[in-house]
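What follows is a single structure, written as structure tokens, with notes after it.
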């Protein structure tokens, strides 16, 4: 006979929020509370299971629990890895990892005039480097990675809302993001496509002032040899990927499309790709142009 606690656990969803110090864990916790998650901040990994058991015994139940976990301690890191594997046997568990570029984290710590928890007698960058190395394994096994480097607290809260607010109405939340390779790969991309095989409108003086959002550039990009074949082939490759995401309950995916500067080709291809993805069932598609206007 299955107990009520076990039955409730199978229906329960647990989100573990972790990541780099200064990357926005408190902001994420507040955003999740606004979405009616039951949030516990600074929870030691050893307390995850007792928390879930207590939640299951609550009269009304707590179907969505978010635990903000600090794993900077070496023992805490090992404990969290083991606890996640154990919990996944009877509970739906996902890990949200927050990160940001070193220069961003240094600036944030300097703004609040606080030392990094791991810097000791070293510099801020020493502490950040040590923490990044310690968290590498948990980052690689995370279900969702959000790079907060270019986000203020309001934009981060919006991003979390975009990821989690409509989960009951669509199986996979898909973000299609254009970017410029010269500014670096998006750290939170699940899939990356390279549009640099297409001729660059930048070298056409009449198109240079415009962007991939403008019809004249978009038409120029999409009519190039190989553009349509690429989009159709990529969509065909994405179908089994999204089917697998749905089977594995992966609710969020970021597809990054890059060109040299993130102004022409990647923007046009990303817009077209997003438009066609919206016709597929079980997807909620949004679009972001990371580097547009940056030049």
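Backbone N, Cα and C atoms are what each Cβ position is placed from, and that goes for glycine too.
The ATP binding site annotation in Swiss-Prot covers 19, 20, 21, 22, 23, 24, 25, 26. Sequence-distant neighbours of residue 26 (ATP binding site) (same chain, 6+ apart, CB under 8 A from its CB) are 41, 68.
According to Swiss-Prot, the feature GTP binding site maps to 70, 71, 72, 73, an assignment based on sequence analysis.
Spatially close to residue 20 (ATP binding site) yet at least six residues away along the chain are 98, 99, 100, 105, 128, 131, 132, 135, judged by Cβ distances under 8 angstroms. Separation of the C-alpha atoms of residue 21 (ATP binding site) and residue 70 (GTP binding site): 9 Å, rounded to the nearest whole number.
Residue 25 (ATP binding site) sits 10 Å from residue 70 (GTP binding site), taking the C-alpha atoms as the reference points. Under 8 Å, Cβ to Cβ, and six or more positions away along its own chain, residue 22 (ATP binding site) finds 100, 104, 105, 108, 109, 116. Residue 70 (GTP binding site) has its Cα within 10 Å of the Cα of these binding-site residues: 19, taken from 19, 23, 24.
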